[in-house]
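Here the structure comes first, spelled out in structure tokens, and everything after it is commentary.
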């Protein structure tokens, strides 16, 4: 018997049964326990969700911006009131430590909704004078029905990130969470309904990539916001364009460089590197997995990193003291272990971890020890490809120009960071790095006010920040003639 029972679709302000007759299972990655059976959406269900969203969107867009703002603020209040309950669910579904989900996942998701609730009333057009008796004005109008496709590493946070600007601008959204972590998006739907969001404005359809493809290719979807891998992102972009030239926002993979210069505070640098590789068991798209360290300090830096890795508390995610949990699934565990074996085979020096943890309460979970490789080269698979797990690669460098060139030698461009006491060098280096999200002497924070997204094959568009709100609107230009019309013929 499952912990949470049968999970249905959420369409039109309530739960409905899928018509496919199919279900899939979701498991607790720490214990292997069956959490729920989830109904898979059919093409007819996707059509129903979009039709419901169209109806709800008309009502939602007809409200004043202040009315929408108040409703979204109420949703924020409900999220914060239920933080502990939602964090417990997210921990069971993802395997993240409860200390992490309590402090980050729902908290930051609510912050983003609050941010856009505040901006809803600031959506404005322009007035452009042409001459004494004629002018142009513009309106920013909602796109209509948007699709959100989430990833498995931050299920409820991603759902908040995608819905907040869309709803603030007067759109509706049909959201498909990852089939690996499908539970918390349904709770967000309940909260939106309770807060007063009209029925249909936020619908949740469940299923695998085929359901995402139905959304992406649907002619009545105006925009797709996708978070996931590069190859899937390319398919999303292709289908979105081929179907109806719909707009896309995509936050894709990364293989981000962290550069530690020779004047860095080594304790600070080691703390940053460990956070940038092992937070959330390394399952973060912006992880700084390519750690470039100046040759003169590499040994001392490496020692400090290893000291900190020994202090990581791997354990049951539900224990308050745990700060490192399992990987999200058996498939992800196999993938990460495969990369570790590749690192060994290509000559990287294993300095810590490198094994699956199977003793005691780890036996049925998807645990891999925090792993550090030294003596890495740029051409190694573990250095070039996204692992999405707790595997750090340490590389040495000698000059600023050299490390910048090597850091940029990738088709990814999501994030980058530098650690140095020389702020001139910090800014100079950051300005030359080909990455959309950069940090100086820190790592990982992505507040609501900060636009996040990638360069190159790490994404298209941005999430969070004022710019994102604008991209959930379309501009209508209107010329007004107050004087005499001069006919052409």
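Using N, Cα and C of the backbone, Cβ positions are placed for all residues, glycine too.
Keep in mind the model is a prediction, meaning the values are calculated, not measured.
Per Swiss-Prot, the K(+) 1 site holds 26, 180; the candidate it also names there, chosen from 93, 105, 111, 262, is 93.
Summary of the site annotation: Swiss-Prot records NAD(+) binding at 150, 151, 152, 176, 177, 178, 179, 229, 230, 231, 232, 253, 285. Screening the candidates 55, 59, 385, 386 against this entry identifies 386 as the one listed for that site. Here the Cα atom of residue 463 (active site, charge relay system) is found 8 Å from that of residue 162 (active site, charge relay system). For the recorded positions 93, 179, 247, 463, the greatest number of Cβ atoms within 10 Å around a candidate Cβ is found at 93. Distances between the Cα of residue 162 (active site, charge relay system) and those of the recorded positions 93, 150, 232, 285 are shortest for 150. Of all the binding-site residues in the list 177, 180, 230, 245, 456, the shortest Cα-Cα distance to residue 251 (active site, proton acceptor) is found for 230.
With all protein chains in the displayed structure included, the most crowded Cβ environment within 10 Å among the recorded positions 180, 230, 245, 285 is that of 285. Nearest in space to residue 230 (NAD(+) binding site), taking C-alpha to C-alpha distance over the recorded positions 93, 247, 285, 456, 459, is 459.
With a 10 A radius on its CB, residue 251 (active site, proton acceptor) counts 28 other CB atoms from all the protein chains.
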